[in-house]
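Enquirer: Mind having a look at this structure? Questions to follow.
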Amino acid sequence: MLNQKIQNPNPDELMIEVDLCYELDPYELKLDEMIEAEPEPEMIEGLPASDALTPADRYLELFEHVQSAKIFPDSKTFPDCAPKMDPLDILIRYRKVRRHRDFDLRKFVENHFWLPEVYSREYVSDPQNSLKEHIDQLWPVLTREPQDHIPWSSLLALPQSYIVPGGRFSETYYWDSYFTMLGLAESGREDLLKCMADNFAWMIENYGHIPNGNRTYYLSRSQPPVFALMVELFEEDGVRGARRYLDHLKMEYAFWMDGAESLIPNQAYRHVVRMPDGSLLNRYWDDRDTPRDESWLEDVETAKHSGRPPNEVYRDLRAGAASGWDYSSRWLRDTGRLASIRTTQFIPIDLNAFLFKLESAIANISALKGEKETEALFRQKASARRDAVNRYLWDDENGIYRDYDWRREQLALFSAAAIVPLYVGMANHEQADRLANAVRSRLLTPGGILASEYETGEQWDKPNGWAPLQWMAIQGFKMYGDDLLGDEIARSWLKTVNQFYLEQHKMIEKYHIADGVPREGGGGEYPLQDGFGWTNGVVRRLIGLYGEP
């Protein structure tokens, strides 16, 4: 079964006549002519071909048996295993022996699969190293080479070297990589920047978009579209000229806007929603509506407690993963219950700000190349998006940006995602000033800014602080002239990370910052990860700007 743009489509996403158990949703549109097979990965010279099938597709009931039996503590382990022989032979063997009285599932898996390698197990940090030295010495530990790919594994081969976040994440991730690149540039690792630039361009060429990560099970979704920001970084640091990426930026834009022209007001298709006034805004989406391979058991359990059709819940869980904020009160109908997730009904402020940046980048590079018609078209698109955001996502009463629930036609919760319009230059100065006041009073702590002001047990909420949010807030407020707030966030975050490093001698994915005593951040569906790519990247860049704490 090939990946498709829509597999097992959610009944709520259909507007065609089929037999359904649930009432059709008048808001959603599905177009038969837009369903086409995912492109197969191309061969990379000297490397085995990547397999476009996900482990759940390929191993069928064996996959479900392994995940249901919890033979590994982390649901991501089995999808990341690589087969020792042809996967079809493994499935045939499993079907022959699974009903034997002495069948041992764990031994079967160990005999037929290579378990994921933990690359950093032998690395021990030197407690005498400064924070800067520690980060610079971690880049080789977090670097993966193309030859690491094993035939038939879920890992998608890439033509060049790349950085992984660390811990359970042994592949490259889309939006993580941008913040990691900030540190690579500061460390003088132009070699790795060039490799990663080529890898992301290659993925757009071969898949039509940048997947969530380079795994087959990530092909059905992307992540926050930050390639335009990467291109800007490549240009600023002299790594690659921006002009060479214009076609790639246009291809990514086409992916995010697919189906837009066929929509009428109050309809949605994939990532696009046409608002009541005819304007276009975007949402997060995943083309599949099945449990995620990497969190299969967790998704099945969540759906059981939802009281909704399971495929609806799976789609929203997947879309939440596409947002990068997996998970947060931003996506929940009931902030204390993950089963109430409704990601696809929210118009996110950060996503639309990133797409504003993408539209602006296409316009700017088109101008450099003398393509005046394209420049004018995309300036108009960026302007229209900013106007729509101001109509639907700006809360003038409270002076903040908020996500918008397009189904209920009401504003949603306030979070640190509200700072992204400043980072991409979409806000006006009055909006920036008012948002600064809200951040000071509602999100700022002695350790940095909180992801949100709500305690839900989810990792992208209070009490946690995340490196990418700090960076965008620092630069965003400084861009609008609020150096005082930007510098305060920067120094607070550096103090948080350095204090934890001095005590634990490591960098981690997220930090508990709510009470001024930095410690490990909690929440989420997996244990805290160390490494950690984007924390290293942001902190290394801040050290270059502010010095070591």
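Numbering starts at 1 and runs along the chain as displayed.
Each residue, glycine too, has its Cβ placed from N, Cα and C.
Pulled the feature table from Swiss-Prot, pasting it below:
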ACT_SITE  ASP326  active site, proton donor/acceptor
ACT_SITE  GLU509  active site, proton donor/acceptor
BINDING   ARG168, TRP175, ASP176, ASN212, ARG221, SER222, GLN223, ARG292, ASP293, GLU294, GLY324, GLU525  substrate binding site
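Situate these features within the shown structure.
Expert: The Cβ of ASP326 (active site, proton donor/acceptor) has 21 neighbouring Cβ atoms from other residues within 10 Å, across all protein chains displayed.
For GLY324 (substrate binding site), the count of additional Cβ atoms within 10 Å of its Cβ stands at 22 [all protein chains shown].
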Enquirer: If you measure GLN223 (substrate binding site) to ASP326 (active site, proton donor/acceptor) at Cα, how many Å is it?
Expert: 11
Enquirer: State the Cα to Cα distance, in Å, between ARG168 (substrate binding site) and GLU509 (active site, proton donor/acceptor), rounded to an integer.
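Expert: Between the alpha carbons of ARG168 (substrate binding site) and GLU509 (active site, proton donor/acceptor) there are 11 Å.
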Enquirer: I'm trying to understand the geometry here, so how far is the Cα atom of ASP326 (active site, proton donor/acceptor) from the Cα atom of ARG221 (substrate binding site), in Å to the nearest whole number?
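Expert: Answer for this pair: 14 Å between alpha carbons.
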Enquirer: I want to check the contact list for ARG221 (substrate binding site): same chain, sequence separation of six or more, C-beta distance under 8 angstroms. What comes out?
Expert: PRO211, ASN212, TYR284, TRP285, ASP286, ASP287, ARG288, ARG318, ALA319, ALA321, ALA322
